[in-house]
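J.: I am attaching a structure below and will ask some questions about it afterwards.
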């Protein structure tokens, strides 16, 4: 018989569970920055794993020396990337200083009238639209000051983040064997082998995935570079690198990269004739980038991604699409690594399940 005491105890347990879960979620929310640092450090550790193994097995480096060498390598790469962007920033600033706004505006409106005449489009007074939208009032001195303060704050946070990530990554690399030994002591004996096997397989597959991703970005970078060099872009190397990095974001990243390349191409050509040089060159660059994306989406990306994590290209596409719809851009970025981890765990713990066996037969 259900008594009032049993009901009250059930309600009390439910409330206690809800409070504990809420407290855990709140705690995780408060330390979300630390969680991000840990995730980035783990990714760097997985990417660096082949280099670390080479240093330890072939060159007989100690754990500390291998970890130190790897961190120095990452720092040098980061410094090299920063130095790549300095010429671009200086060049674009110089181009903007040469900008004749009146002449550019005149050429722009001439082009606008030509397009309207060719396609028989009703004229739109852009000056009137801008005035009615009051968009120019947003660019006040106060806005500029706030923007500078935001940039300074971002740089400070970025510096702190880089130091934290490199510090955590160092110990992830140096003490990974100790972490495994500690995990063995903590894990329950009944599931110890399954969990350790899952960790080993996940480590192997994600290392392959991130190396495959780097290979894919390298292919895209080279193709972007060829397109930009064909049309004589002075900052082809930096623009190609920046646009290739944006390809980390599936589907949306390439679009952002194409828009960015178009803007930087137009800025780099400031001072030339708008109708005969700036506009045609920008259109050619956009067409070239779209061709590169077609090659990447249909050839390099499916092959490299599917081979690195032993998944079918359609499977990867659907998982990425569902994650993007559900969790947005972040979901699209982490979709494949998380899906790979889930497949490994399911295979270890539910190997006899028919659905699991079909999904994980190649792992």
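Just so you know, glycine gets a Cβ as well, placed from its N, Cα and C.
Heads up, TrEMBL stuff is auto-annotated, nobody curated it.
What TrEMBL records for this protein is below:
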- 12-29: transmembrane segment (TRANSMEM)
- 35-52: transmembrane segment (TRANSMEM)
- 64-90: transmembrane segment (TRANSMEM)
- 151-173: transmembrane segment (TRANSMEM)
- 209-231: transmembrane segment (TRANSMEM)
- 237-266: transmembrane segment (TRANSMEM)
- 278-296: transmembrane segment (TRANSMEM)
- 316-339: transmembrane segment (TRANSMEM)
J.: For the transmembrane segment (12-29), find every same-chain residue at least 6 residues outside the stretch whose CB is under 8 Å from a CB in it, and list them.
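T.: Answer is 35.
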J.: Please work out which recorded stretch in 35-52, 64-90, 237-266, 278-296, 316-339 has the most C-beta pairs separated by under 8 angstroms from the transmembrane segment (151-173)?
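T.: It is 35-52, which has the most Cβ pairs under 8 Å.
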